[in-house]
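J.: Encoded as structure tokens, here's the structure I'll be asking about.
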Amino acid sequence: MKSFCVKAPAKINLFLHVVEKKETGYHLIEGLFVFANLSNFLEIKVGEKDFRYDNPIVEFVNSELKISNKYNTVMRAVNLLLRHAPVRTKVTVKVVKNIPTSAGLGSGSSDAGAVIRTLGKLWKIDRPILNEIALSVGADVPASIDSKPVLVRGIGEELCYINKFSLPTNIVLAKPKKKFLSTPEVFSKYGGNFSKPIEWRDDTEKDLLKLLKETENDLQEIAISLVPEIRDVILALESQEGSILSRMSGSGVTCFGIFDSEENAKTAAVNIREKQPEWWVCDAQLIV
């Protein structure tokens, strides 16, 4: 029996544009994905080749929402990976949830990415196959394999990694408690005012703040129409000392604020938590 304890970090969309809708119904996006040191923890156990093969076992702990143990991103990822395993074996995964679910932070996608990264390395599965598996599990999963700052395009399959990250890494995450949004629901209400693809130049990485001020989250207003408290969260983040930029991540409901120092970020989190005890609030650092 081999056992692995791995982290699955929260995903944050610094900007997110919807650029096209295909006839298949898929939306093509463009966005800057980053990851934070707020993580779910996974314990992955793999039986030796003489172990009886069985369906994977997946258990979730500490989740705000009830997650099916049979129909989830981790189960899908493991089942697809097992097709490429060198031997038939038994896999069990225990996921301790610290990242809010259905909240725009890629909690399920990051779990799947961590499983693909870990078992892919163990079983020496080629990276192109891992990328295919990741994309079949979800649009955010390919970027979640490496969990590095990355410009994402298409339906999640086009990845351009950021070599020089020119932003402060101090952030605060906040969301109204017991508020959740379904990604398909939010996208289904997108009206079709598509954004033009950004012009990524050689010097764009040198001033990512300028890029962020020229971009936005195209899903933010739709999410606010469904959960109006999102606007209050953004305003609360913007009003704190040292705030540089605040907006919603993904399809919501979590919002992020970038701060000029770790001290100001921690103070902002305390202030918001005191004024809004019903919100979930967390200060964190981006992984760069």
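Placement of Cβ uses the backbone N, Cα and C atoms for every residue, glycine included.
Quick paste of what Swiss-Prot says about this protein:
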- Lys11: active site (ACT_SITE)
- Pro100, Thr101, Ser102, Ala103, Gly104, Leu105, Gly106, Ser107, Gly108, Ser109, Ser110: ATP binding site (BINDING)
- Asp140: active site (ACT_SITE)
J.: If I restrict to non-local contacts, at least six residues apart, and a C-beta distance under 8 angstroms, what lies near Lys11 (active site) in its own chain?
T.: Phe33, Val34, Phe35, Leu105, Gly106, Ser109, Ser110, Asp140, Ala143, Ser144, Ser147, Ser249, Gly250
J.: Which residue among the binding-site residues Ser102, Ser110 has the fewest other Cβ atoms within 10 Å of its Cβ, if you could check?
T.: Ser102
J.: Just to be sure I understand the packing, how many Cβ atoms besides its own are within 10 Å of the Cβ of Pro100 (ATP binding site)?
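T.: If we count other Cβ atoms within 10 Å of Pro100 (ATP binding site), we arrive at 23.
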